[in-house]
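Asks: Got a structure for you, written out below as structure tokens; questions coming shortly.
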Amino acid sequence: MASRKIENLKKKSSTSSLTPSSHSSSISVTNNHGSPSLKSAAVKNRRSPRPSKNTKNKQDLKESGGILHFLIVVSGIYGSFLTWALLQERLTTTPYGSITSPEFFKFPVFLNTIQSLFAAFVGYAYLRQSKGKKDGISTLPIFPNRRILVPLLLVAATSSLASPFGYASLSHIDYITFILAKSCKLLPVMFLNVTLFQKRYPLYKYLVIFAVTAGVAIFTLYAASPKKTSKQSTSSERNSSWGLFLLGINLLFDGLTNTTQDYIFQTFQPYTGPQMMCANNIISTLLTLSYLSFSPYFTETGIGKSLGLKLTSGSGSEFTQALAFMARYPKVWADVLGFSICGAIGQIFIFYTLSTFSSLLLVTITLTRKMLTMILSVIWFGHNLVKAQWIGVGLVFGGIGAETIIARLEKASKAKNRKFSAKKKKF
């Protein structure tokens, strides 16, 4: 019994001697690995490594590459559409034939068909280069589903109908008024967004609309013209009003085209710019070819004559008469083909800008391009502008420029607010 008691005492002493050592080891482990407060403090005190020279060089290369792409896009849009606009005015205003009975090229649907056909081929080549490599698709489909056909048909119809109304208005108004009004695309776009899509805009945008509208009115009312008799003045006012009406329909169709395109890109994602370019021009070519086939029946109703789509003397459709006109005056071929090629190439730069940069940048480039078009038209074709017309030009581009600056400031302030809210969430 005594021996058993001695053994029990030894065991107790051994366990008591082992307990503090194990406890101390557990404490040391928790102190080295398990303290979350020390971890967070270490993370907070740790400084982010400074970027090396190699990373800075890579960033500089990316920025320089983006600037280079931007300069290429701006040069492409300016070069293609400035040439396109000059060829358009020369096509519609140049007299051909004898001085006593000159002929003019009045085949806008034929011209629109040639341009959309060229743009369809160029758009398909553009689509072939824009392959879906991430999804493993060799070429993106032009029409991905049936639901997209109706809005695409609406876009093609409005864009195809807008051009004939615009060309018809040139018979009653000068080209400077046409270009200035075409710079006011914000009017129909805002009107359709408010009425159809129930959108609301800030006050400054309505003020911009007022400035643009006032500028167009001043420019039109103070158009320089020689003195006329009262009868001639009445006829001129009638023609000018009719030309402005046709131009208004042209702008309305342009606005409907833009709003429907926005709807397509928002609803049928990820529908791309090359797909839209190719599909729009294919449908437009089919629509205009259908019109050219039935143009003799259409012009007999009198609607075509009111729109400036009347056929010249002789039988046949607009297609055959346009070919006959170009056979009599082969010089027209160069302007028609140049007009179509410039328009197709310009569309590539436009869709590239939309996909790579932003729509705000595209609007800025387009508006400055139209301003340069007006200046070139004044210099090249000898147009005269009175002081009041220059005030109108200043109101238009001043209002549009102010809208662009305010939009950029709003975008910058929103970005700052997002950063500030993100910092608040961290703390």
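Just so you know, glycine gets a Cβ as well, placed from its N, Cα and C.
What TrEMBL says about a protein is an automatic prediction, not a curated fact.
Pulled these features from TrEMBL for this protein:
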type     : residues : note
COMPBIAS : 1-10     : compositional bias 'Basic and acidic residues'
REGION   : 1-60     : region 'Disordered'
COMPBIAS : 14-30    : compositional bias 'Low complexity'
COMPBIAS : 44-56    : compositional bias 'Basic residues'
TRANSMEM : 66-87    : transmembrane segment
TRANSMEM : 107-127  : transmembrane segment
TRANSMEM : 148-169  : transmembrane segment
TRANSMEM : 175-196  : transmembrane segment
TRANSMEM : 203-224  : transmembrane segment
TRANSMEM : 244-265  : transmembrane segment
TRANSMEM : 277-298  : transmembrane segment
TRANSMEM : 332-353  : transmembrane segment
TRANSMEM : 360-382  : transmembrane segment
TRANSMEM : 388-409  : transmembrane segment
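Can you tell me where each of these features sits in the structure?
Replies: Outside the transmembrane segment (107-127) by six or more residues, the chain places 91, 139-140, 142, 160, 163-164, 166-168, 274-275, 277-278, 280-282, 284-285, 288-289, 291-292, 295, 308-309, 318-319, 321-322, 325, 336-337, 339-341, 343-345, 347-348, 351 with a CB less than 8 A from a CB of the stretch.
Note on the transmembrane segment (148-169): residues 92, 106, 108-109, 111-112, 116, 178, 182, 243-244, 246-247, 249-250, 253-254, 256-257, 260-261, 263-264, 267-268, 271, 276, 279-280, 283-284, 287-288, 307-309 of its chain, located 6 or more positions outside it, place their CB under 8 angstroms from a CB of the stretch.
Among residues of the same chain six or more beyond the transmembrane segment (244-265), those with a C-beta under 8 A of the stretch's C-beta atoms are 148, 151-152, 154-155, 158-159, 161-163, 165-166, 168-169, 172-173, 177-178, 181-182, 184-185, 187-189, 191-193, 196-197, 220, 271, 276, 307-308.
Tertiary proximity for the transmembrane segment (332-353) is limited to same-chain residues at least six positions away from its ends with a CB under 8 Å from its CB atoms, namely 73, 76-77, 80-81, 83-84, 87-88, 90-91, 96, 105, 111, 114-115, 117-119, 121-123, 126, 273-274, 276-277, 325-326, 361-362, 365-366.
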Asks: Take the transmembrane segment (277-298) and find every residue of the same chain, 6 or more past its ends, with a Cβ under 8 Å from one of its Cβ atoms.
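Replies: Same-chain residues near the transmembrane segment (277-298) but 6 or more away: 109-110, 112-113, 116-117, 119-120, 123-124, 126-127, 142-143, 152-153, 155-157, 159-160, 304, 309, 311, 315-319, 347-348, 351.
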